[in-house]
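Presented below is the structure to which this report refers.
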Amino acid sequence: MKLAAKAEKKCSLQNGHGPDSVHSWFTAGACALSAFFALAPLRAFGVLFVAIMQEFGANREEASWTIMLLGGARVLSGLLAGPLAHRFTTRPVILLGSVISAGGVMLAYFATNMWSLHLTLGIVHGFGSGIVYAMNPVLISEHFVKYQTMATGVCFAGSTLGSFVFPKLIETLIAWYGFQEAMLLFGAIILNAAAFSLFLRQPRWLKRCDTSVESLITVDSTDEKSSARLPYVIPVNLDGESKDPEARPGFDQAIAVVQKRRRNISLLCGLDVLRIPMLYLVMFSSVAFNLGYDCYNSLLVDFAVDRGIAQSSAVTMTSLSSLADLVGRLGLPVLADRRLLTRRTLMAMVLALVGLMYVLMPQCTGYGSLFALAAAVAFLLGSGVVLFPVILVDCVGLDRIAMATGLLTALSATFSFAKPSLIGKAVLKQCSTICTFRFSYILVGEHN
């Protein structure tokens, strides 16, 4: 392992890159911009929710199935994205998700009924956007060590910035061109996510220099036990001879054994994450958090209209409250990076306060009180979105994060089917109960 560390350090110095470097921050920016476009419909779904009811004559529960299927497909995508990223790198997986995300929205142009809209805007787009949403934090965890929480905040800030742009944009497109044509143009705009995904790369310092194989592998390491302990991030060339003319005859066979052993244990090492008890606590908390988040995000505009606020003012309120979301994603997690509070303690505080805000929300009747509370909720939700991926890395480790992320998002799909039964009722009050339960569970995790 010491030899591996020396080789890794040597590679980093030679290439001019390293954890928390300028290159790492460029990667965080590219992740933010890919999420900015790929997750745009989710940030504007308050407007889309009302537009769907008007366009197709659907009631709230029928219209909510689109967002439910979008959320379900988004989290089910982890079943595919996690193993693919574990087997390959995250870059091609994110690129694939970006293309699927844009394609689903453009296909909504052909939607003539609710079922076709569920398939295109719901399932297809949700699957693609879920891949981008799940894999971006994995790439961030590879590029950052000291400033991981802050970088994750920058990554997720991209989707938050979409709240300043896309609600008004989609409202204008629908007013000018109609719902179907607006979906075609909207999908073309979302395709920019694929362009920014091309900037993403696996960290160079996780790759081996050309000459590092000779210092790490010998003929004596051909046994499976010792070969399995080699770092998985070190690539091995099998198609060429050793550059060292004095290399021993068994050197190429040693490399082949290592590579074969790596392929055999890769999936098993990923599934070993299920043995970590704390993972289940994090998964439960994340599932409950996302369930309340999606319901709140979908219903805020409709809730404001029911309180007598004009739809245009409600859309503006949603966009402005996203500023608090952005501050929450970039500001509050810094406390954890500076070790002023532990990440678990900070998460417990966020979940408790979110529950309190959900309790108070139905009591708001005026624009001012609703805007103030919406800004407070946005601030807390933004902080929670950033903290969960970082806590997951702390829980399972960097080598298992791709598989753990896939399992987490897949589990969330099971609970996402409860959204239609919540929407149309006193959903904000029910969300407060959910927050109370997840707060108690996260406190149990803090003491364990």
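Note: Cβ is positioned from N, Cα and C throughout, glycine not excepted.
Lifted from TrEMBL, the feature list:
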{"type": "DOMAIN", "residues": "27-448", "note": "domain 'Major facilitator superfamily (MFS) profile'"}
{"type": "TRANSMEM", "residues": "25-51", "note": "transmembrane segment"}
{"type": "TRANSMEM", "residues": "63-81", "note": "transmembrane segment"}
{"type": "TRANSMEM", "residues": "93-111", "note": "transmembrane segment"}
{"type": "TRANSMEM", "residues": "117-139", "note": "transmembrane segment"}
{"type": "TRANSMEM", "residues": "151-170", "note": "transmembrane segment"}
{"type": "TRANSMEM", "residues": "182-200", "note": "transmembrane segment"}
{"type": "TRANSMEM", "residues": "265-289", "note": "transmembrane segment"}
{"type": "TRANSMEM", "residues": "344-361", "note": "transmembrane segment"}
{"type": "TRANSMEM", "residues": "367-393", "note": "transmembrane segment"}
Long-range neighbours of the transmembrane segment (151-170), counting only residues six or more past its ends (CB under 8 A): 24-25, 28-29, 31-37, 39-44, 46-48, 51, 133, 136-137, 140-141, 143-144, 182, 186, 189, 315-316, 318-319, 321-323, 325-326, 329-330, 333-334, 382, 385-386, 389-390
Checking distant contacts: for the transmembrane segment (182-200), what same-chain residues at least six beyond its ends satisfy Cβ-Cβ under 8 A? 26-27, 30-31, 33-38, 40-41, 90-91, 94-95, 98-99, 101-109, 111, 121, 132, 139, 169-170, 173-174, 176
Do we see three or more Cβ pairs under 8 Å linking the transmembrane segment (93-111) and the transmembrane segment (367-393), pairs being at least 6 apart in sequence? no
Counting only residues 6 or more past its boundaries, what in the same chain has a CB within less than 8 Å of a CB in the transmembrane segment (367-393)? 137, 140-141, 148-149, 152-153, 156, 160, 279, 282, 285-286, 289, 293, 296, 300, 304, 307, 309, 313, 317-318, 320-329, 332-333, 336, 343-344, 346-347, 350-351, 353-354, 357-358, 360-361, 401, 404-405, 408
Beyond a gap of at least 6 residues from its ends, the CB atoms lying under 8 Å from the transmembrane segment (25-51) belong to 63-64, 66-67, 70, 94, 97-98, 101-102, 105, 121, 125, 128-129, 132-133, 136, 139-140, 143-144, 151, 154-163, 166-167, 169-171, 174, 179, 186, 189-194, 196-197, 199-201, 297-302, 305, 311, 314-315, 318, 322
